[in-house]
Amino acid sequence: MFYPAIRKVLFQFDAETIHELTIKGLKSTGKSPFNAFYKQTVQDKPLTVMGINFPNPVGLAAGLDKNGECINAFDAMGFGFVEVGTVTPRPQPGNDKPRIFRLPEANAVINRMGFNNKGVDYLVSQVQAANFKGILGINIGKNKDTPEENAKDDYLHCMRKVYDLATYITVNISSPNTPGLRSLQYGDALNELLAALKAEQTILTEKYGKYIPLAVKIAPDLTGDEVKSIAKSLIDNGIDGVIATNTTLSREGVEGLQFGTEQGGLSGQPVKEKSTLVIKLLSEALNNKLPIIGVGGIASSDDANEKLEAGASLVQVYTGFIYQGPPLVKEIVNGL
């Protein structure tokens with residue numbers, strides 16, 4: 001695979017421009033013979049998590065394919081599952097540009113995208129058109145202009161729209177780029193949101209005749225006590241899984257680098273240890289009552305194994321994939 005040579009050219013251009021061009025290219029080739037440029041076969045490493053049979057434990061994290069436009073293309077690369085979104089009830093432009101910055105010296109990215117997406121109805125149309133038969137996670141969030149006290153209405157709206165199309169649904173309450181979102185991770189706000197989603201899950205299970213698991217995505221910037229409190233809420237409300245973690249607000253590991261002081265969430269190598277620690281603490285607090293999907297700084301099979309040893313059952317990649325491309329998927333799957 002010739003990704004390193006391609007990356008050299010791509011990295012000469014603005015990060016978001018290249019992202020948009022890549023999405024267009026993958027969308028147009030996902031089900032065509034041209035997917036031979038990135039299609040690859042990986043080893044079967046089947047496992048069952050949240051009652052779902054995964055062909056392998058390596059998934060694409062949310063954020064790369066926000067609108068569900070390239071599902072078949074990512075599947076062709078060997079991912080065991082693909083998570084699309086974050087999607088909101090209404091389309092929104094996100095934050096002002098520039099809003100994504102590469103920090104290659106640290107194998108990192110800082111983004112402050114702000115849930116830019118074309119809205120849940122558009123995502124639904126794309127998922128239907130893809131006719132994808134693999135494992136699809138759909139990550140849902142709230143619109144920026146929705147007051148915090150009404151946040152659960154946004155999550156419920158998205159949940160109802162995507163329920164029949166998703167293999168699992170992720171509730172994103174941990175992006176640092178939507179004001180007030182992370183406050184939903186704590187105490188009564190979290191319990192009220194989870195209780196409402198769980199009640200809706202029961203109604204939708206009856207309506208569609210199938211149970212779609214709910215996972216919650218949390219931040220890496222949590223104390224040990226906060227992790228324990230979140231774990232208790234997840235268990236008490238019967239949530240099916242947890243994704244750990246989102247991007248960090250810390251700038252440890254990028255001090256002095258170009259763009260290192262830009263606002264937004266930091267992902268990639270610098271978040272690896274923070275994420276792994278949260279997974280370890282979560283695993284201890286959850287006591288095998290629900291599974292963890294580990295994400296944050298995975299750039300090799302060793303990194304992935306570190307997450308699994310800390311207590312994760314599955315892993316996801318994003319920033320490592322930007323830097324290494326499809327070969328990373330094969331390297332991780334075959335190296336587990």
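Every residue, even glycine, has its Cβ placed from backbone N, Cα and C.
Record features (Swiss-Prot):
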BINDING   ALA62, GLY63, LEU64, ASP65, LYS66, THR86, ASN139, ASN172, LYS217, THR245, GLY268, GLY297, TYR318, THR319  FMN binding site
BINDING   LYS66, ASN111, ARG112, MET113, GLY114, PHE115, ASN172, ASN177, ASN246, THR247  substrate binding site
ACT_SITE  SER175  active site, nucleophile
Checklist entry - Considering only the binding-site residues ALA62, LEU64, LYS66, TYR318, which residue has the minimal Cα-Cα separation from ASN172 (substrate binding site)? => result ALA62
Checklist entry - Tell me, how many other CB atoms lie within 10 A of the CB of the residue listed as 'active site, nucleophile', whichever protein chain they belong to? => result 25
Item to check | Lowest local Cβ density (other Cβ within 10 Å) among binding-site residues: GLY114, GLY268 | outcome: GLY114
Checklist entry - Long-range same-chain neighbours of TYR318 (FMN binding site), Cβ under 8 Å, sequence gap at least 6? => result LEU60, ALA61, GLY63, LEU64, SER267, VAL295
Next on the checklist: I'd like the number of other C-beta atoms within 10 A of the C-beta of ARG112 (substrate binding site), please.
Outcome noted: 20
Checklist entry - Beyond LYS66, ASN111, ARG112, MET113, GLY114, PHE115, ASN172, ASN177, ASN246, THR247, what residues of that chain have CB atoms within 8 A of the centre of the substrate site's CB atoms? => result GLY63, THR86, GLY94, SER175, PRO176, THR178, GLY264, GLY265
Checklist entry - Once the chains shown are all counted, how many other Cβ atoms turn up within 10 Å of the Cβ of LEU64 (FMN binding site)? => result 20
Checklist entry - Out of LYS66, LYS217, which of the binding-site residues is least crowded by other Cβ atoms within 10 Å? => result LYS66
